[in-house]
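Database features, via TrEMBL:
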type     : residues : note
TRANSMEM : 467-490  : transmembrane segment
TRANSMEM : 506-525  : transmembrane segment
DOMAIN   : 538-727  : domain 'G-protein coupled receptors family 3 profile'
TRANSMEM : 545-565  : transmembrane segment
TRANSMEM : 586-607  : transmembrane segment
TRANSMEM : 640-662  : transmembrane segment
TRANSMEM : 674-696  : transmembrane segment
TRANSMEM : 702-724  : transmembrane segment
REGION   : 768-793  : region 'Disordered'
COMPBIAS : 776-793  : compositional bias 'Basic and acidic residues'
REGION   : 824-912  : region 'Disordered'
COMPBIAS : 836-856  : compositional bias 'Acidic residues'
COMPBIAS : 879-895  : compositional bias 'Low complexity'
């Protein structure tokens, strides 16, 4: 044991590290073994009756020198048998650096060596140290309670280690890493070493490496009298100590006396970095522990002249006349007070007891045993000593960690005088029987008792939709809602007007309702757990498809139903025949599609409703959740979603097909031009919107915005292209009626192919007529835009053929009734035309009237024949809105009238 130290000048000086008290403890243990005194250790009781061995001890000073220790060992084992007493085992050394070379020699020579407090984990290597054991846990075992404290008490998952690059530091650091793997597998540990002889450059590099980890808990395996000050000063300088956000824990290589034996400037880096630091170490026990208290009562019994003289006589002797060893009588009280302040003393007592019990066990009824047997018996020996229960690992001979006691010391300010303060390590937690027990609150560097995070604060991106994006989406939704409601009431208000009646008000209402529902679905889609509970969000997961799908089907089924109705009329295989298309004929596909969608949605809602959940979407470099996303889980909903998609796309495809079939039909009836534009707008929106939607699918806010824009543009296209032309036409119709009321009528004549047609009492837009291939001449009492009349080339060709056949029939009738005028086959329902195209036509009309008076007796018969003809081709063509009279003039005598229905009634009927 190191009783003294040689200075650089080779002068010997005494040390006060509890070694002298340790010598007394060994002598006390030998006395208990030889007398069978079980006051301290029950297993020793009556040992003198069971064991014939008598124990003695020789004390040697290693003087902190490996060479001195090895030389002493060699000298002892080289004694002559029979003439000199040979040792049976060795106790010591104190330091691992001395135990390593000495135990190498003792192991090779077959002598057990038991150390009280050499903790280096390298001594567990049985290849190098086959007979080494210890009554204190190794550094690897000490690392176990350290890891348990960090993980269970402080919640640390990230730990940085700064350790001195020697056998002690390397083994301790390795022990922490191994303990973390076993007892805290989720803890990440990074280790950095530095040279024992530290410099400012080494300190700067090591602290920089620690800082780069961003870990907030650091374990320092450094020596207080060599590396502590330069390391902690640099740590404060680089901002990883004394910040209130970092905590340092030290091994037992940092002595408590470093803090309480000096005064620190409260503004110094060392003071600020040390506040709130901690120190873990193995201890014999704490006051209140039965074994611990019993041991120190036994030690105090040595405080008598006889025992003190015996202890003093066993001190090492020196050839140096200048050196005077410690004299106990010089300060007896101080000597005995040193027992409690020394960790060495109780562990050394237990080491002596363990070797004594093992020797008796190895000897049995004999007094002879070899070193290997002695060592193996020691490893299997269990007893309750001064430091508690002693049990040893069979593989290493080191004490089991759960059989020892450890304390956690918290460095706090003890007292302050002016600008100087004394620090004191205060015991806050005790590790016994495998568990940490808290004695008082631990105070951290920031002055709080709440453990801080082991990593820098993390701002979790929850990927909410966000109020800005949500606001824009809701604004677009409310625009469509307001537009839909407004157009719905406009349709209701003008339902009796010619324009709205021609467009079927029920279908217009369906379009408004569908757009309203689709816009409402965006309101539900805008809800996430930023503004609502998880239950509410789960409800919106299924509500959104309900509103969108029903709205989509209503809107597009209304579009294709309008087109389907006109297609049934204009593509009637029997030309110029009456065909009646009821509302039920075109509403059946709408009901079928809507029923299918509702059935799928009901099954989806009842059987596999989606659930809203928030999951981790990204981790940072430390494995923490950096991003989370709240989404509706549609994992089990794929069959329903695919089926609904087929229904929705089928609705759109059917609308496209009907629009294509009706591509040449008058817009006045089928609105195919605007329906086609609606479909084009949807196609363009989908072409641009779907790729964007796929790109932003992982971002809830961007995804919501993209969906909201697509729905907004689709609904806006439907409402604008379907309703705005009707609003414009309704305004023109109102203006025409106003002009009619003021007497502003117009007579118009134009050519259809080779036929000349005149129209009276109808407002015509001549620009539309000319653009459609018609030629017109007109006389007007006032200006008016009129109503657009458009027909396709096939219709014009059919009319020309029909007019030609009528001319032939009229010629036949004229020959049969030469002196009788043929009545007009087209008569105006509201008023008789009184205007003619030019003066020649007027003269012919007057002449015809005169002939009519002369031949009035034959009119009745001819009227009957022509009434039959009118009934066949004209039917019930009249309506409440009146008809327009179109006169067909030819080179032959007589005149023909073509009556065109302007009410918007969906019939194909001509009175000829």
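Each Cβ is built from the backbone N, Cα and C atoms, and glycine gets one as well.
Counted over residue pairs 6 or more apart, the CB atoms of the transmembrane segment (702-724) and the transmembrane segment (640-662) come under 8 Å in fewer than three pairs, which marks the two as apart. Highest Cβ contact count with the transmembrane segment (640-662) among the listed stretches 467-490, 506-525, 545-565, 586-607 falls to 545-565 (criterion: pairs under 8 Å). Among residues of the same chain six or more beyond the transmembrane segment (506-525), those with a C-beta under 8 A of the stretch's C-beta atoms are 473-474, 476-478, 480-481, 483-485, 487-488, 491-492, 500, 540, 543-548, 550-559, 561-562, 583, 590, 704, 707-708, 711-712, 714-715, 718-719, 722-723. Under 8 Å from some Cβ of the transmembrane segment (545-565) lie the Cβ atoms of residues 503-504, 507-508, 510-511, 513-521, 524, 581, 585-587, 589-590, 593-594, 597-598, 601, 604-605, 641, 644, 647-648, 651-652, 654-655, 657-659, 661-662, 670-672, 675, 678, 711, 715, 718, 722, 906, all in the same chain and six or more residues away from its ends.
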